Amino acid sequence: MDRCPVARKEWRPVTIIAIADEVRAALAAGRGVVALESTILSHGLPSGRNRKVAERLEAVVREAGAVPATIAVLDGKIRVGLDERQLDRLCAADSGLVKLSKRDLGPAIAMNQDGATTVASTAAIAHAAGIGVFGTGGLGGVHLPLPGKHSSWDVSADLDALAETPVLVVSSGVKSVLDIEATLELLETRSVPVIGYQTDHFPGFYLRESAYALSWRVDTPKQAADVVHAHWQVPGQAGILLANPIPPEYEMDRELHDQLLADGVKLLDERGVQGRDVTPVLLEHFHTASSGVSLDANEALVVANVTLAAQIAADLAER
Ligand code: PSU
Ligand code: MN
């Protein structure tokens, strides 16, 4: 009984989470705020390009009338809202930042290890800071088994975070390197509503449509905000996933996509890639093997998702 309280006494959330002045002021004034993750920048995009994307994301949030809050762990603290220099550090080629899922936050803070947050950790932090809307690229999901394996047991903590945290996540579905069917089944089991944005099908990240139909669809930011507003008034509800397909002009050619995917899976097997390295290695393969086509696609979809998230956050803030 009295073994835990010692640790708890030392637990001071106010000193662990540092909220940037601009974000704090926006929250206090009831303005729309959009959480942005950092793993997509540090581990999902190459250095140089990632810094430009970071800037663009913050700009589109502001244009839509909300305030951006990029989240990362720097200098032993969880940072909610980064300044220019912190964004530079996050995006540097030699940043030394590690990918931090929800379970990694305590160890990283204690060991003073700088790191980038995934959807799972960003959602948890956003909620703790009082932010309800979060825009990103792709959600983690259930991985397909590698050749010769019965099951991968690789299920992203992003799914549990959505099941536990009252946050709206706007993404372009999950990458086709995942088991989309299993991912959607798990989201159903964990009571996470999946809403299509101007689509009746779950999007496939680089592709606008997967083979899987969705039960719910909205067509405007206002409708999306209506759904979020109602969802959070229903007792016991948590996360909600808004699935926004990649803009049509950036959708990848299906044949190129399928080839990249097949080669990527082979590469993982040959190199014995496991755990948290799987997603970054696959993304890197897509970016290099497609000569940047997947990079343009990635940027276009994340910009669209973050814009939509900001429009919804601005609408929710008016209620
Ligand atoms: N999917 C992408 N780009 C990304 C990620 C996923 O297309 O950058 C990142 C996100 O941060 C996501 C994480 O939360 O990878 C999922 O990693 P894992 O599958 O190891 O849980
Ligand atoms: Mn995983």
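Each Cβ is built from the backbone N, Cα and C atoms, and glycine gets one as well.
Summarising the environment of Glu37 (active site, proton donor), the number of other Cβ atoms within 10 Å of its Cβ, over all protein chains shown, is 28. The active site, proton donor annotation in TrEMBL covers Glu37.
Less than 8 angstroms from the CB of Val119 (substrate binding site) sit Glu37, Thr39, Phe134, Thr136, Leu139, Gly140, Ser156, Asp158, Ala161, Leu162, Val169, Ser171, each of them six or more residues away in the same chain. If you look up TrEMBL, you'll see Lys99, Val119, Ser156, Ala157, Asp158 marked as substrate binding site.
What TrEMBL records for Asp154 is Mn(2+) binding site. Taken residue by residue with DSSP, Asp154 (Mn(2+) binding site) is part of neither helix nor strand, so it is coil.
TrEMBL lists Lys175 with the feature active site, nucleophile. For the recorded site, Lys175 (active site, nucleophile), the DSSP three-state label reads coil. The Cβ of Lys175 (active site, nucleophile) lies under 8 Å from the Cβ of Gly138, Gly141, Gly204, Phe205, Tyr206, Thr279, Leu282, each of which sits 6+ residues away along the same chain.
Between the listed binding-site residues, namely Asp154, Asp158, the fewest other CB atoms within 10 angstroms of a CB are found at Asp154.
Here Ala157 (substrate binding site) comes close to Ser101, Lys102, Arg103, Thr118, Ala120, Gly140: these same-chain residues lie at least six apart in sequence, with C-beta atoms under 8 angstroms from its C-beta.
Ser156 are the recorded positions among Lys99, Val119, Ser156, Ala157, Asp158, Lys175 whose C-beta comes within less than 6 Å of an atom of ligand 2, given in sequence order. When the binding-site residues Lys99, Ser156 are compared by the number of other CB atoms within 10 angstroms of each CB, Lys99 has the fewest.
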